[in-house]
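Peer 1: Below you will find the structure I want to go over with you.
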Amino acid sequence: MQSIEDIWQETLQIVKKNMSKPSYDTWMKSTTAHSLEGNTFIISAPNNFVRDWLEKSYTQFIANILQEITGRLFDVRFIDGEQEENFEYTVIKPNPALDEDGIEIGKHMLNPRYVFDTFVIGSGNRFAHAASLAVAEAPAKAYNPLFIYGGVGLGKTHLMHAVGHYVQQHKDNAKVMYLSSEKFTNEFISSIRDNKTEEFRTKYRNVDVLLIDDIQFLAGKEGTQEEFFHTFNTLYDEQKQIIISSDRPPKEIPTLEDRLRSRFEWGLITDITPPDLETRIAILRKKAKADGLDIPNEVMLYIANQIDSNIRELEGALIRVVAYSSLVNKDITAGLAAEALKDIIPSSKSQVITISGIQEAVGEYFHVRLEDFKAKKRTKSIAFPRQIAMYLSRELTDASLPKIGDEFGGRDHTTVIHAHEKISQLLKTDQVLKNDLAEIEKNLRKAQNMF
């Protein structure tokens, strides 16, 4: 009897023999078997770009292979990470149910990619990660409820699933339930219509960990709020862990009943903010390593500078660059990345001069490594170019003094002021330095215009 994961792995082995390695690594390597819904085999892609391409180019190809392996004719459907979040993820069972043909009925398990090991920690999510790990290690004892809020694609769902996986792995027979508030609402309405409210209540009040996503969609739904209020109370009184996510803190959710709002505030409220540059680069490196991709540092720096909204778009941009490289059969460079991403990066964005771009231009001109700008080295061959880079950062960007200091290894803002004043004074009399800065700025703007 084969599980859907076994079938998908066998499918991938056949696909690999029929595709070039770059194409396979770009399109297929990061896919997973998601679930089996009736006669539809659902496959999870890492982002909507890969999903759309697979849907357009490989649907029938995959269906043929599945039929060859199983003897059954499946419909094939591809979903991406955002769509996955709208699925109900039910209790994970050690021995999953099988259908009449011996294939696992994958009733929406926790996303296998969303574990603590794959979560990249940065300044914007460090506290949320620590709180989630504490909850996973001691459900209902550390923080209950745990309320995580932040924008789309920043890692809220990843942390919730990671808690679910951890609890399942470390606590025998633990019942973990993940779903969206919209799914909760729809099931509640159906249970009333079908006279099955008791079954509905038993389902959601008989779990050890309840993970509920996008709670803001309960706003204005009085009947559903009433039901969730009692579900919350039952689980809390029985010392079961509740984790809730939202795009805003409880106090900012409109038309949310005060009694629910107060309960959400009983435990710990933590936010996740967009990743900073260093975290974005770390995310890209981890993604590249996980997918076995060899991406030059300057390309990751370019992508990280251009995509600063959320993790999903960041990883999607990387896949888009790799895919474009494969399609046009060219090496991955910063120029190729700019070409691949031109449709998703506003032209005004690509013209913005950044501190990291300045560091790169100054470093190239004076033959200084990027990491030396952030190091504590004070030799003149490094300290002087560093001061020039600080000066240009002050002149050519809108960054604050503390921000500039942070980008140069966490230096104090007074160091930035000193560097700016020193270079300003030298420019009054030093024609060579004037020429150097003019050339650096020219190179910098030329590089920006290339992208």
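Note that Cβ sites are derived from N, Cα and C of the backbone, with glycine treated the same way.
Pulled these from Swiss-Prot:
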type    : residues               : note
BINDING : G153, G155, K156, T157 : ATP binding site
REGION  : 1-72                   : region 'Domain I, interacts with DnaA modulators'
REGION  : 72-108                 : region 'Domain II'
REGION  : 109-325                : region 'Domain III, AAA+ region'
REGION  : 326-451                : region 'Domain IV, binds dsDNA'
Peer 1: Would you list the DSSP helix, strand and coil counts for the residues of the region 'Domain I, interacts with DnaA modulators' (1-72)?
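Peer 2: With helix first, then strand, then coil, the region 'Domain I, interacts with DnaA modulators' (1-72) has 44 helix, 11 strand, 17 coil.
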Peer 1: Counting other Cβ atoms within 10 Å of each Cβ, which of the binding-site residues G153, G155 scores lowest?
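Peer 2: Among the binding-site residues G153, G155, the sparsest Cβ neighbourhood within 10 Å belongs to G153.
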Peer 1: Tally the residues of the region 'Domain IV, binds dsDNA' (326-451) by DSSP class, grouping H, G and I as helix, E and B as strand, and everything else as coil.
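Peer 2: With helix first, then strand, then coil, the region 'Domain IV, binds dsDNA' (326-451) has 91 helix, 0 strand, 35 coil.
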Peer 1: How would DSSP class T157 (ATP binding site) in three states?
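Peer 2: In three-state terms, T157 (ATP binding site) counts as helix.
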Peer 1: Of all the binding-site residues here, K156, T157, which one's CB has the most other CB atoms within 10 A?
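Peer 2: Checking each of K156, T157, the winner is K156.
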